[in-house]
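Asks: Dumping the structure here so I can ask a few things about it.
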Amino acid sequence: MKAYPKVSKICCIGAGYVGGPTCTVIASKCTDITVTIVDINESRIAQWNSDSLPIFEPGLEEIVKSRRGQNLFFSTDILKAVKEADLIFISVNTPTKNFGVGKGRAADLKHIEACARLIADHSTSSKIVVEKSTVPVRAAESLSRILKANTKPGVTYQVLSNPEFLAEGTAICDLLNPDRVLIGGEDTEEGQLAIAALSSVYEVWVPKERIITTNTWSSELSKLTANAFLAQRISSINAISAVCEATGADVSEVARAIGMDTRLGPKFLQSSVGFGGSCFQKDLLNLVYISECLNLPEVAEYWQQVLNMNEFQKSRFAKRIVETMFNTITNKKITLLGFAFKKNTGDTRESPAIYIAKYLLEEGAVLQIYDPKVDSKQVFADLSGTLSVNLSEVVTVSKNPYDAAVGSHAIVVCTEWDEFTSLDYERMYSRMLKPAFVFDGRKILNHKKLIDIGFHVETIGCKLNNIGLD
Ligand code: UDX
Ligand code: UDX
């Protein structure tokens, strides 16, 4: 079998949460490959080239600084990078469509198509084009058709699917030590050669047995399926948390008991205020939509229920805050600890904190928000639009948690940041109105200690023995 020429120049289109860290790690591990990450967003590229990177990920800054200007480049010159590359990752966003057919459910592939057309129009040499973005099944086929319909003489393309499984907050660890790398391609000689070429990039640091190859459609569907299963586990334990609250069982104890069954395993059983992030909801909606299009309404309904349960969990928690605080929070100051969708990231996409904040604001509350990595600009952007209140009058973003507690009736934990577990809650309590409430939406605080201080504490999936008010 012929060998594909060794990959020496990689271009990544899309310098976001996926493209940025992924290709930075490739550059750090494969110092003989020149990696250029490009984006249409000029300010994002300027940030990647500055001391203040556009995204926060533990360990990312060190690697960027060690490779930038050596074999790692961030640029807005997309055409140059595309022309020079022998392998192109497409890592642009694939948001849920907000218009037309499939509105609110289907993935919008306009950015992927724009990339395909740009590559076809400007390439003067053959390329391996790799779908990194999460896409619906058979998107590679469309990509391939657009490329082939616009091919210049002497230029050939191989389209591969290589979904990324990194989780935000642990992206660098996930990339350095992936459970598996998945590469899907055509079952032809050229397809297999392209797979081998991409595989050789990962083989520099990933053991070969962890690099799995499949056909393209299996690879695309595996990514949607992985996210759907992970989200389903969270919705399953959250459904049980509601049963626990009604019966006196404790969801943490149930999770521990079932997680020790090796068939189930302990991960992704942390009951919470609900899952957020840019992927789970989008990918589930996408799977629901695909199932409907394939005339499989029962399958669509099954996965839709995972999303419904997540909405139920968020709304249950928000309602409980109001009910516990004597059924009114009008003009009451409430402290929100955490706004990001999970710890160790500044990302707020689909964060349950946004839902909770909007609900409390609609009920007339005044919010004092603190998150270690989310700035006030982002908080106001996320809360703008739907509300009937003047945000600047009812929302303050604090630089530290103690300021956020001044004059407040309640603390609501929305994100599981480690630093929230070691705050001085006596100090917080002394600054608050009484009775002072804590609503721990992440089950991370020492509830007994808080009750001893004098707080009334509510959490997910268990009843606590609060003194006095009950
Ligand atoms: C996104 C999706 O959420 C995920 O499902 C998919 O797997 C990869 O893309 P993420 O990296 O988190 O993940 O998205 P985002 O941070 O929005 O980055 C996408 C980048 O692509 C943006 O910086 C955007 O400016 C850029 N882009 C988009 C282009 O450079 N060209 C385009 O035509 C469109
Ligand atoms: C997810 C997948 O894990 C990753 O493989 C894929 O590439 C992208 O989507 P991400 O959304 O970055 O990653 O974070 P993840 O750790 O999966 O958490 C998603 C949400 O679920 C967060 O809001 C998190 O707080 C919540 N969660 C997670 C729980 O509520 N309970 C858990 O046990 C685990």
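Cβ atoms here come from the backbone N, Cα and C positions, even for glycine.
Pulled from TrEMBL, these are the listed features:
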- 14-19, Asp39, Arg44, 92-96, 133-134, Glu168, 279-282, Arg349: NAD(+) binding site (BINDING)
- Cys279: active site, nucleophile (ACT_SITE)
- 335-447: domain 'UDP-glucose/GDP-mannose dehydrogenase C-terminal' (DOMAIN)
Asks: Whole-number Å only: compute the distance from the Cα of Tyr17 (NAD(+) binding site) to the Cα of Cys279 (active site, nucleophile).
Replies: 11
Asks: 10 Å Cβ neighbour count around Thr96 (NAD(+) binding site)?
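Replies: The Cβ of Thr96 (NAD(+) binding site) has 17 Cβ neighbours within 10 Å.
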Asks: Between Asn93 (NAD(+) binding site) and the residue listed as 'active site, nucleophile', how many Å separate their Cα atoms?
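Replies: Asn93 (NAD(+) binding site) and the residue listed as 'active site, nucleophile' have their Cα atoms 10 Å apart.
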Asks: Report, in whole Å, the straight Cα-to-Cα distance of Cys279 (active site, nucleophile) from Glu168 (NAD(+) binding site).
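Replies: About 10 Å separate the Cα atoms of these two residues.
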Asks: Output, ordered by sequence, the same-chain residues six or more apart from Asp39 (NAD(+) binding site) with a CB under 8 Å from its CB, or 'none'.
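Replies: Set apart from Asp39 (NAD(+) binding site) by at least 6 residues yet with Cβ under 8 Å, we have Ile13, Gly14, Ala15, Gly16, Gly19, Ile45, Phe74, Thr76, Ile78.
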Asks: Give the sequence-ordered list of residues that share a chain with Cys279 (active site, nucleophile), lie 6 or more positions from it, and have CB atoms under 8 Å from its CB.
Replies: Thr134, Asn227
Asks: What binding-site residues in Asp39, Thr96, Glu168, Gln281 place CB under 6 Å from ligand 1?
Replies: Asp39
Asks: Tell me the Cβ contacts of Gln281 (NAD(+) binding site) under 8 Å, same chain only and six or more apart in sequence, or just say none.
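Replies: In sequence order, the residues whose Cβ lies under 8 Å from that of Gln281 (NAD(+) binding site) (at least 6 apart) are Thr96, Ala231, Phe275, Leu307, Asn310, Glu350.
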Asks: Where does Thr96 (NAD(+) binding site) sit by DSSP, helix, strand or coil?
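Replies: DSSP call for Thr96 (NAD(+) binding site): strand.
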Asks: Could you check the binding-site residues Tyr17, Asn93 and say which one's CB has the fewest neighbouring CB atoms inside 10 Å?
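Replies: Counting other Cβ atoms within 10 Å of each of the binding-site residues Tyr17, Asn93, the minimum falls on Asn93.
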Asks: Could you give me the DSSP helix, strand and coil counts for the domain 'UDP-glucose/GDP-mannose dehydrogenase C-terminal' (335-447)?
Replies: 40 helix, 19 strand, 54 coil
Asks: Is Gln281 (NAD(+) binding site) helix, strand or coil when read with DSSP?
Replies: helix
Asks: Please report the three-state DSSP label of Asp39 (NAD(+) binding site).
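Replies: Reduced to three states, the DSSP call for Asp39 (NAD(+) binding site) is coil.
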